[in-house]
Amino acid sequence: MSVTPEVKSRGMKFAEEQLLKHGWTQGKGLGRKENGITQALKVTLKQDTHGVGHDPAKEFTDHWWSDLFNKTAANLVVDSGKDGVQIRRLSKETTQRSHSKPSLLYQKFVKTATLTSGEEKPDRDLESCSDVDNREPIPPKILTDEMLLKACEGRTAHKAARIGITMKAKLARLEAQEQAFLARLKGSKDVGTSQPLTDSEPSQKKKKRRKQKEEEEAATTEKSLGEELLEHTDKSFRKSKKKKKKKKDEREGTAIGSEEEEAAGVCGPAELSTEQSDQSSRKKKKRRRRHHEEEEEMGVCDEGGRDVTGGPKAVNSGADTDPWRSSKKRQTCEEDLDTQDEEDKDDLTKKERKVRKKDKKKRQQYCEEVLDVSNKDDGRTWEAEDGGERSQPHPKARAKKKKRKTD
């Protein structure tokens, strides 16, 4: 039969390691005399109410009465002599338990007196106790200073006083200070009782003076705050003036832009931080797009007769013009300028309006020049923009050449 080795738990292994460090070996018992247990207690699954290490078969295997009889018999010695038989004990150990009777003072009623026909009859024990108390007074446990002096025969912790060195001068000085302090207190009380009315008048005057001082301090603080506010407003006003000047210079610089930006109706955008500035910039972009589309439809040309789109230029070959057509174009240009100015009036300041008036005049001049060029379209000849490039014939001439080739 093969014996299965015991599987030791982690706790058992740790306990064995600790015991081995201290010189224990397997098979030895615990304790100084090595008479303790040799095997560790093992806890199994409990399904009863018994405690740990309980042996249910102990009551059948442990014969305690026989052990007790043998122990008492061994302790007794029987001596037989002339006078008879004597029993003697070897040890003073008692085989019986000494059951001490508990005191019943706080468990039951204590009898102190008996009542006989409505009269109290005290016990003799109490009377004897009272007589003893009257004869010998019990000294207190905590002694007073006087009792300590008597017991120590007038000695104190000041060892120099035993030789004769005392602090009479210091004690006299302290007593004089205390008397002077008490005299001052008594004098102040007497003055307070004798003159209650005279003290009330100066107290009212003091209150008035305090109020006046507080009012003066409040006035001075208000003045200082007012001066600080004025200085702050002056500085902010100066800063705003400087900012306005800078903005004005920027707007004038943008207004004197290139001719192409003027043709497209470009104006220097005023950098505004509010929501109105954002709305005005959006409106300007829409107007520029419209203006560009109208110029492309009308075939706007610049001062030199060059088309804005960069295509071939038309040169006037005759003096014939259409007055009705030119007047109509001028009206449309003027209406566009008026609508732009009316929409911008609400969002602009006085300084910006002046700048816009200058721009309006320049636009009007440019429109008049463009219209003068566009009215001369009856007899035109098509040429290249640059002199070095090849001249292009009129589209009608091209059509005639194609017909000739086909014939």
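Just so it is clear, glycine is given a Cβ too, placed from its N, Cα and C backbone atoms.
Because the structure is a prediction, the values reported are computed rather than measured.
The domain 'G-patch' annotation in Swiss-Prot covers 11-57 and rests on sequence analysis. Across the domain 'G-patch' (11-57), DSSP helix (H, G, I), strand (E, B) and coil residues number 11 helix, 0 strand, 36 coil.
The SUMO2 cross-link annotation in Swiss-Prot covers LYS46. For LYS46 (SUMO2 cross-link), no same-chain residue 6+ apart in sequence has a C-beta under 8 angstroms from its C-beta.
Taken from Swiss-Prot, the feature region 'Disordered' applies to 116-138 (among others).
The region 'Disordered' feature in Swiss-Prot is assigned to 187-407 (among others).
According to Swiss-Prot, the compositional bias 'Basic residues' annotation covers 238-248 (among others).
Per Swiss-Prot, compositional bias 'Basic residues' is recorded for 282-291 (among others).
Positions annotated as compositional bias 'Acidic residues' by Swiss-Prot: 334-346.
Helix, strand and coil content of the compositional bias 'Basic residues' (351-364), in residues and according to DSSP, is 14 helix, 0 strand, 0 coil. Annotation source Swiss-Prot lists compositional bias 'Basic residues' at 351-364 (among others).
If you look up Swiss-Prot, you'll see 393-407 (among others) marked as compositional bias 'Basic residues'.
In the compositional bias 'Basic residues' (238-248), the DSSP tally of helix, strand and coil residues is 11 helix, 0 strand, 0 coil.
Here the domain 'G-patch' (11-57) has a mean pLDDT of 85 out of 100.
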